[in-house]
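Annotated in TrEMBL:
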SIGNAL    1-25  signal peptide
BINDING   Arg112, Thr408, Leu409, Asn410, Asp432, Ser461, Ser462, Gly483  L-glutamate binding site
ACT_SITE  Thr390  active site, nucleophile
Amino acid sequence: MITTRFCQLSWSVMLCFSLVQGASAAPSPVSYGVETDTFHPVKEQHGMVASVDALATQVGVDILKQGGNAVDAAVAVGFALAVTHPQAGNLGGGGFMMLRTASGRTTAIDFREMAPARASRDMFLDANGNADSKRSLTSHLATGTPGSVAGFALAAQKYGTLPLSRLLAPAIKLARDGFVVNEALADDLNTYGKEVLLAHPNSKAIFFKADGAPYQKGEKLVQKNLAHSLSLIAKQGPDAFYKGAIADQIASEMAANGGLIGKADLAAYRAVERKPVSGSYRGYEVFSMPPPSSGGIHIVQILNILENFDLAKMGFGSADAIQVVAEAEKYAYADRSEYLGDPDFVKVPVQALTSKAYAKSLAQQIDLAKVRPSSEIKPGKLAPYESNQTTHFSVVDSKGNAVAVTYTLNTNFGSGIVAGNSGILMNNEMDDFSAKPGTPNVYGLVGGEANAVQPAKRPLSSMSPTIVAKDGKTWLVTGSPGGSRIITTVLQMVVNSIDFGMNVAEATAAPRFHHQWLPDQLRVEKGFSPDTLRLLETKGQHVKVQPAMGSTQSIMIGPDGMLYGASDPRTVDDLTAGY
Ligand code: DON
C-alpha cells in the first residue's frame, strides 16, 4: 500500500526518468539497482507470489515455504481468491493457466467456461432481434458451465506435488472462520455488489448484513456454505462439483430460474491442455494463451509489427511510440473480430496471424505522421462500459517453475447469482460470445460468426497469462484483468521491460494506453504529457483520458537469479511477497 500511494504521487518523476531512458538509441538493460531505479520491485530469493489480494498471496507463499511447487501455490491461491476476492476469484467461473517449468517446457491449461448443450445462436436476442445485454449479463442464461475447479484439479494432479485437499485447506479455513474485509472488497460490494447481488436472496444473505448494508472494511465475512462446498471438493475431488452435491445445487438453481446448465453439462465439462502461442521479440521468447483466448495471438501479432520500428529510439511515452503501438493494436483487434473463436469449433489461423511476414505487411501500412481511421479498416458501433474485474496472479518457485493464471466471473461478482446453498457465485461469461454480429459486448468488442453462441463452445476471451523467456530461461511472468484492455496491458508490460529497459515495478507503474480499433479512440491514462497528447491528436488520434486500466501482478527473474515482483499500484490491497 505504501508503494501504491508513492507510485501514484510520482507519475511526473517516473515520466521524467522514462523520457531520459527513451533518448538512448538501443534498448537499455533492465536495471535492478536501488539507486538507479525510480520504482522498486519486491525482491526475494526463493519463491514469490503476486496477486490482487494480500491474504491469497500469503496462502501461496505458505505453500511454497512448505515445499509445494509453483503449481501447488497457484492452485491454492486460486481457491483462496474464490473466498477473499469474490469480485473475480471463483469456483463458478473459468480461466487460463500458463506454465513454464524449470526445464523450459511450456503448456497452457484452458478451463474456460462452456456454453450449455441447450444454448443457441440467437439466445441473447430480444423479440426485435436486438442483442439484450441483460440476458447475457445478469440472467441465469448468462452463466457458462464453470471450469475453474476442473482446471485447478487438472493442474494439481498433473504438475503439482501436493494433494488437492491440502491446497484447498487454506481456502476452507478462510471461508469457515471468516476473514477481515479489505478496502477493495468493501468498495466493490458497495458499488457493483449493490447492483448485481442484492437482487438474489442467496447472494444478499452472504455479502450483506442483517441491516441490509454490505460488509464494510474491517468487518469479518464468514461464508459457511462456500466452506462446505470447498470441503466437499477436498473430500471427493472435482466430481463433487461436476457430478455430486454441488452439481445438484447448480442444476436446480438453473432449472428453477430459466437457466440452461444441467447435470449433463457439468458432467461433460473438461479442462484441456493446449499448446501455448509462442513468438519472438527482439531476441526474447514469448509464450501466451492460445484460443479460446485471443490474447496470445494478438500480443505476438502486435509485437511482430512493433519489431519493425525502433521504439527504444522513439522513447517511452513519445507521440511516435504511442502512434505506432496504437495503430498496430487497431489491425490486431480488427482481425480478432473476424478470425478468433473456440478452436474446437472454428479454424483459427494462428500461424498466419502470428507470422513475421504478415506483421511486416501491416507495419508497412502504419504511417508515423497520420492515423488510418478505424472506419477504413472495418466498420462497427459500440457501447461504453466500465468494469474491472477478473484477476491475475503469478507464481515462481525456488526451482524456477513459473505459473501465470488469469481467471474470472467476467464482470464484478459475475451474474450476481449464487447457486442454491452452494455459496458459489456464478459467472456471466456468456456475454463474451458475440450475441449478434457487429453488436459490441460489455467491453465494446465486436465479433462475428467465429464467436457466435453454439452448444458446448467456449466464448472468446482476452485473458492473456504470459511468460517471457530470455536465453532459454524464464524472465517475466505477467498478466492482467481489464476485459478488452488485457491484451494491450500485457503488451505494454513486455514492451516497457524489453524496449524501454524498465524494471518490473517501473513497467507496471508506467502510464498505459489502449486502442481496440472500435471505438476509434485512443484511451490513455493520466500521466502522459499534454504536449504528447496534442501531437497524437495532430496525427489524427482521438485521444480520451480515462480511468486506470489493468491490474498486473508480475514477477521478473533477474540476472542474479533473484525474484523481482510488482503488484499494480492502480489496485488497493494487492500484494507481492516471497521468501
Ligand atoms: O475473458 C475475457 O476476456 C473477459 N471475460 C475478461 C473480463 C475482465 O477482464 C473483467 N475485468 N476487467
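Note: Cβ is positioned from N, Cα and C throughout, glycine not excepted.
What TrEMBL says about a protein is an automatic prediction, not a curated fact.
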Give the maximum pairwise CA distance in Å, whole number, for the residues Arg112, Thr408, Leu409, Asn410, Asp432, Ser461, Ser462, Gly483 listed as binding L-glutamate.
15
Secondary structure at Asp432 (L-glutamate binding site), reduced by DSSP to three states:
helix
Listed recorded positions: Arg112, Thr390, Leu409, Asp432, Ser461. Which have a CB under 6 angstroms from an atom of ligand 1?
Thr390, Asp432, Ser461
Going by C-alpha positions, which of the binding-site residues (Asn410, Asp432, Ser462) is nearest the residue listed as 'active site, nucleophile'?
Asn410
Which of the three DSSP states, helix, strand or coil, fits Arg112 (L-glutamate binding site)?
coil
Relative to the mean position of the Cβ atoms of Arg112, Thr408, Leu409, Asn410, Asp432, Ser461, Ser462, Gly483, the recorded L-glutamate site, which additional same-chain residues have Cβ within 8 Å?
Gly94, Gly95, Thr390, Glu429, Pro459, Met463
Proximal but sequence-remote residues of the same chain as Thr408 (L-glutamate binding site) (Cβ under 8 Å, at least 6 apart):
Ala88, Asn90, Gly93, Gly94, Gly95, Gln389, Thr390, Thr391, Asn427, Glu429, Met463, Pro481
